[in-house]
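**Student:** This is the feature table in TrEMBL:
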type    : residues                       : note
BINDING : HIS262, HIS311, HIS375, HIS575 : Fe cation binding site
Amino acid sequence: MTFCSYTFQVNCSYQRPSIPSKVQDVKVSISSALNPLSRDLVHFPIVAADIPKAIKETSFKLLDAFVDLVFEFVDQPLLPSQSNFAPVEEIGEAVLVTTVEGKIPDDFPEGVYIRNGSNPLFGGLKSTKSIFGKSSHVWIEGEGMLHALYFTKEKGRGTWNIFYNNKHVRTDTFKMEKDGKKPGFLPAIEGDSPAILVAYILNGLRFGMENKYLSNTNIFEHSKKYYSIAENHMPQEIDISSLETLGNWNIDGAWDRPFTSHPKKAPGTGELVIMGIYPRKPYFELGVISADGKKMVHKVDLKFNRCSLCHEIGVTQKYNVIMDFPLTIDINRLFMGDSLIKYDKDGYARIGVMPRYGDANSVKWFEVQPCCVLHLVNCFEDNDEVVVRACRASESVLPRQQSFKGSKEISSAENNNEYSDEPFFVHVCEWRLNMRTGEVKEKNATTEFSMEFPMINEKFVGLRNKFGYLQVVDLEASSISEGLAKYGGLAKLHFQEYEELVEVEYHMFPKGTFCSGATFVPKTQGTDEDDGWVVTFTHNETTNVSQVYVVDAKSFATQPVAIITLSSRVPYGFHGAFMPL
């Protein structure tokens, strides 16, 4: 899930750069260039349109030479416990999968189970060393790769054919670096503040953007078209059969800013509700796309006074639900030696409820306890209340996951509404927001395990639902891998009215096996909300074998109905989806 690579636009006078003969001269030159930027952070591109082409090309070559002289790209080594975070090569063409333990159910739908994830070019993540310090790419910044498992039945025989394929998402910057045959963009998220700031400026001067487009977080469908997305850029349309990238989707030119990784279809209308955050005004804009995907029917600036790192938007039948929490992006902090992305324990947190086509003045805001929320389970209306269920931690793990300690269980009933002492422990939380009185009721609905990456039966998005499914964090394994999260099982939550804690069923994997990209696959003719399966990519770190588990959602704690063994390793990734054919 990519949260932090946004395009900053800077206004400064353009001068033809030269390459100083001494490294100290380089340092002085860049330091001098930084002074006006601290006063006037506005718009890239820096290079004016009327500069002759020959001068531009020469300048770009000199800038590239300057980067080659001053910055050294180095590989980030992986620990043995991090081996399945390493990238893989494209396999080229879809391959037949022949090893299936158990049986694919007869009523399993034909379709594509597909998962997005970080798969860095050039062998893995890079850091740079320079006179300005060190800066590093973090795992959420790897280029997107789609991993797809195709389920089709032979006509007249009813037997299953299963194929696997993978392919990078060809964003504009992917093609740029691939053609150059070497890393181009300097890391600009984590590291020493001077190094990050200089990386922003040099990336902007060379490429017109401060960081590359990733498209590595999620994949979604709208109006029978399929899109790959990370929220630092607009979506890329994907041919679901070949995994080829077809181009950027800007809704016929109506959307020119970052696009949430988790758009939501409005119940009843099928319209797509989106939002985009940006580290300069307007910080937060919301849009509604027509059900046919051809036009933007509503777009509004919500007048935020900060850039909250909001990863997901919620919907109900009548409302949009907006999360404004104290995890923020602020480039001005870099000038003070502070972090680009920062969680403010003392900052305010609020949830907004807005009519579908409302504006900033129509949002009803509810103050809540400060915390970090990246993913929503679901939102729905219950008489006068809007109910919001989400994954909540008391602090943020971004930009790099910091710490995982032992699982904590809150045993006394009076403490069920309190946070665990572990700041990165993620509970499922429920807020009940009373639209008539303004009252807020909030509680932790789970306490036993840290869990994330929620999913539900998508037919119930925005409606009251009974069940939620999540990936269970293996805290010990995640700690050993220095904070790169590993998920050792699945959880099924049974939401019941008036119960303080929800009932939870678990489907745990064998020791050393971890999952990513789990999603719910509904039965085509299902009648109950949990008629269907949870499917997920898994990897056994002992045998180095990747598989796909198919778990019956109604018999959740029993053995999987099928385990599909793949011939290729599938690295851990982010969100998955099932697309019926």
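Every residue, even glycine, has its Cβ placed from backbone N, Cα and C.
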**Student:** Please report the number of other Cβ atoms within 10 Å of the Cβ of HIS375 (Fe cation binding site).
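**Tutor:** Result for HIS375 (Fe cation binding site): 21 neighbouring Cβ atoms inside 10 Å.
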**Student:** Per 10 Å Cβ neighbour count, which of the binding-site residues HIS262, HIS575 ranks highest?
**Tutor:** HIS575
**Student:** Determine the Cβ neighbour count for HIS311 (Fe cation binding site): the number of other Cβ atoms within 10 Å of its Cβ.
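**Tutor:** The answer is 23.
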